[in-house]
Amino acid sequence: MEFGLSWVFLVAILKGVQCEVQLVESGGGLVQPGGSLRLSCAASGFTFSSYWMHWVRQAPGKGLVWVSRINSDGSSTSYADSVKGRFTISRDNAKNTLYLQMNSLRAEDTAVYYCAR
């Protein structure tokens, strides 16, 4: 019986740790077509430098669409064809922050942008 209680307690602790993962996006705004924006994503609750990170977006009334990814040390990136040459993903592992520089913005880039682990 004592073992069972200990096991349940351990599971509760692990679930609590998992819930501490936070990804907080900032930097959005309204710009004219052709303008630029830089998005940031502040990460906490996990070892940021150990994970590949992604940006995805959701246009109004549409599903989630993958935009870009970067490997753990920032040496490798890839992009959806729709943003290639216009968007640049980067990261600062010392600051636990992911970035998306968006240039030459188009009407079709209008969306809610999310970072993802």
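Any Cβ shown, glycine's included, is placed from N, Cα and C.
Among the features that Swiss-Prot reports, disulfide bond is placed at Cys41-Cys115. In the three-state DSSP reading, Cys41 (disulfide bond) counts as strand.
Annotation comment: Swiss-Prot describes 20-117 as domain 'Ig-like'.
Outside the region 'Framework-1' (20-44), and at least 6 residues removed from its termini, the chain residues within Cβ reach (under 8 Å) are 53, 55, 95-107, 113-117. Per Swiss-Prot, region 'Framework-1' is recorded for 20-44, and the stated evidence type is similarity to another entry.
Nonlocal intrachain contacts for the region 'Complementarity-determining-1' (45-52), taken as residues 6+ away from its ends with a CB within less than 8 angstroms of a stretch CB, comprise 17, 20-22, 69-73, 91, 93, 96, 117. Positions annotated as region 'Complementarity-determining-1' by Swiss-Prot, on the basis of similarity to another entry: 45-52.
Looking just at the region 'Framework-2' (53-69), the mean pLDDT is 98. Look at Swiss-Prot and you will find 53-69 tagged as region 'Framework-2'.
Each residue of the region 'Complementarity-determining-2' (70-77) gets a DSSP state, and the totals for helix, strand and coil are 0 helix, 2 strand, 6 coil. Here Swiss-Prot flags 70-77 as region 'Complementarity-determining-2'.
Feature annotation from Swiss-Prot assigns region 'Framework-3' to 78-115; the stated evidence is similarity to another entry.
The signal peptide annotation in Swiss-Prot covers 1-19, and the record cites sequence analysis as its basis.
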Check your understanding: Which residues of the same chain, at least 6 past either end of the region 'Framework-3' (78-115), have a Cβ under 8 Å from a Cβ in it?
Key -> 23, 25, 28, 31, 33-44, 48-49, 53-60, 62, 64-70
Review point. Do any residues of this chain, six or more beyond the ends of the region 'Complementarity-determining-2' (70-77), have a C-beta under 8 angstroms from a C-beta of it, and if so which?
Key: 49-54, 88-91, 93, 98
Study note, to complete from the structure: In DSSP terms, the domain 'Ig-like' (20-117) comprises 6 helix, 46 strand, 46 coil
